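Everything on this sheet refers to the single structure shown next.
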Amino acid sequence: MGVGGNFWDLLRPYAQQQGFDFLRNKRVAVDLSFWIVQHETAVKGFVLKPHLRLTFFRTINLFSKFGAYPVFVVDGTPSPLKSQARISRFFRSSGIDTCNLPVIKDGVSVERNKLFSEWVRECVELLELLGIPVLKANGEAEALCAQLNSQGFVDACITPDSDAFLFGAMCVIKDIKPNSREPFECYHMSHIESGLGLKRKHLIAISLLVGNDYDSGGVLGIGVDKALRIVREFSEDQVLERLQDIGNGLQPAVPGGIKSGDDGEEFRSEMKKRSPHCSRCGHLGSKRTHFKSSCEHCGCDSGCIKKPLGFRCECSFCSKDRDLREQKKTNDWWIKVCDKIALAPEFPNRKIIELYLSDGLMTGDGSSMSWGTPDTGMLVDLMVFKLHWDPSYVRKMLLPMLSTIYLREKARNNTGYALLCDQYEFHSIKCIKTRYGHQSFVIRWRKPKSTSGYSHSHSEPEESIVVLEEEEESVDPLDGLNEPQVQNDNGDCFLLTDECIGLVQSAFPDETEHFLHEKKLRESKKKNVSEEETATPRATTMGVQRSITDFYRSAKKAAAGQSIETGGSSKASAEKKRQATSTSSSNLTKSVRRRLLFG
């Protein structure tokens with residue numbers, strides 16, 4: 001998908017590794033089709049409707065854990081140009097001879113798979129109930145994602161299609177992994193421009209040469225490396241026009257490259273003017289001359305010095321000789337490349353260029369995007385009907401998203417306190433939790449006995465200590481959520497959720513300051529106690545396991561004492577016995593000793 005020829009490998013050195021907080025408070029455009037297709041093969045048959053489950057969990061993770069404002073984009077009617085490329089790709093992957101490819105009529109688009117379209121419709125229904133904006137593109141979803149990014153409606157795009165850069169994207173994220181400590185790759189167009197010296201039209205030119213979603217073949221015999229060398233010779237304003245000239249059979253004048261006519265005669269005439277060089281040292285002059293009189297370049301009193309491995313003469317002729325050879329090599333390379341491009345039919349395809357440079361990919365104004373509140377009742381009905389989930393499970397899984405909305409509203413205008421079904425209110429900060437290398441507050445949400453008014457307590461629970469919870473990375477292909485914990489304390493019901501530290505601090509600054517102050521006091525007290533224990537170590541401590549010899553008499557000690565007393569006598573007797581045995585054995589014949597030894 002996207003530009004062919006391992007195009008991502010060309011861009012990977014300029015990727016930035018970003019963590020959880022990079023997307024916080026940022027608007028991101030998501031290619032919904034990518035999420036649906038990504039894990040369909042891996043989990044197909046193991047869970048019911050994996051596309052709905054994945055979209056549900058990933059959206060909540062993106063909204064609550066990453067703190068982003070997602071905008072989902074779905075594909076519209078595909079371009080007729082892509083229909084032929086899709087059929088060709090299917091034939092090659094299936095091992096079918098491409099000579100039997102059906103011909104698509106001009107201007108006719110092949111409709112997408114009906115089952116896949118049904119999956120998209122179900123996911124759109126789910127997202128709308130979650131209050132997430134969904135946009136439909138006039139063509140490709142990655143094209144609309146790129147347009148939203150280039151026009152400033154979103155801050156980044158989440159799509160694996162590398163042709164998002166060709167459509168004008170400024171920041172592209174290939175994929176996110178909520179349940180992993182590994183950072184995700186983020187590509188900025190500004191870094192690509194400074195690193196490779198390529199701009200948007202340069203990338204379009206590379207895609208025309210190596211292949212793309214609309215022309216999977218490209219130019220035969222040209223890969224990413226050759227395409228990069230070609231487009232670097234032209235400016236952004238000229239590169240597409242120069243490719244048009246080459247496709248028409250014209251060979252443009254490239255600096256340091258092609259010259260008109262054949263320069264072979266000039267090169268051979270230069271070779272005839274070659275001055276003699278010593279075969280021993282490589283400098284000007286013959287070997288015989290250097291033996292008669294020393295070489296002035298070697299600096300010897302007599303003769304010359306044998307040239308080292310890889311020696312290069314720097315005289316004017318040799319330098320010019322190397323330049324001419326390099327010029328000839330470059331000329332030959334450019335002639336071959338231009339011939340390959342000229343043989344490609346209808347190169348470059350102007351319709352593909354216009355498609356990449358088009359901005360009319362969206363119906364309406366992107367500024368009308370808005371994020372609403374989830375319709376809990378309808379969501380419960382949908383998930384119970386589609387996935388056969390328990391209603392209480394659906395509400396629990398929605399809690400991280402609802403709590404994030406609550407904290408954002410609280411931080412924005414300091415009003416409103418109902419969290420979920422007007423039942424839970426902010427109670428306290430339990431602890432700091434570290435998971436996958438990311439710190440968050442564990443918040444206790446209380447369901448009061450009376451909901452007539454809002455109140456919160458500064459009192460810290462007994463478990464209000466800093467907890468560092470390092471868990472193994474999840475292998476769940478559907479990026480499932482952790483089910484919120486439920487606690488009962490003195491008749492009150494508490495729900496525990498993980499929340500962003502900065503968001504909680506903005507919503508409840510006093511409670512956060514109180515918690516951090518108490519945490520600091522506990523740490524200083526713990527440090528003082530440890531310093532006192534280090535300064536005055538005790539013989540026995542409650543935290544040190546005692547040896548079993550402190551409770552029972554050791555037989556080894558008594559045996560060791562006896563061995564010290566009898567050590568000398570036993571050694572002497574053993575020595576006498578050994579000498580007697582050796583003496584008696586020496587008097588026996590060899591055959592007798594063998595029978596005694598082996599029986």
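Placement of Cβ uses the backbone N, Cα and C atoms for every residue, glycine included.
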- Co-listed Mg(2+) 1-binding residue [Swiss-Prot; alongside ASP31, GLU140, GLU142] among ASP75, ASP175, ASP215, ASP225: ASP75
- May I ask you to find which of ASP155, ASP213 Swiss-Prot records for the Mg(2+) 2 site already listed with ASP161, ASP163? ASP213
- Query: Pick from 436-476, 559-599: which range does Swiss-Prot record as region 'Disordered'?
  - Reply: 559-599
- Message: I'd like to know the mean pLDDT over the region 'N-domain' (1-96).
- Response: 83
- Task: Tally the residues of the region 'I-domain' (128-217) by DSSP class, grouping H, G and I as helix, E and B as strand, and everything else as coil.
- Result: 35 helix, 15 strand, 40 coil
- Quick one: among the binding-site residues ASP75, GLU140, GLU142, which has the most Cβ atoms sitting within 10 Å of its own Cβ? GLU142
- Query: Between GLU140 (Mg(2+) 1 binding site) and ASP161 (Mg(2+) 2 binding site), how far is it from one CA atom to the other, in Å?
  - Reply: 10
- Message: Distance check, please: Cα of GLU142 (Mg(2+) 1 binding site) against Cα of ASP213 (Mg(2+) 2 binding site), rounded to an integer number of angstrom.
- Response: 12
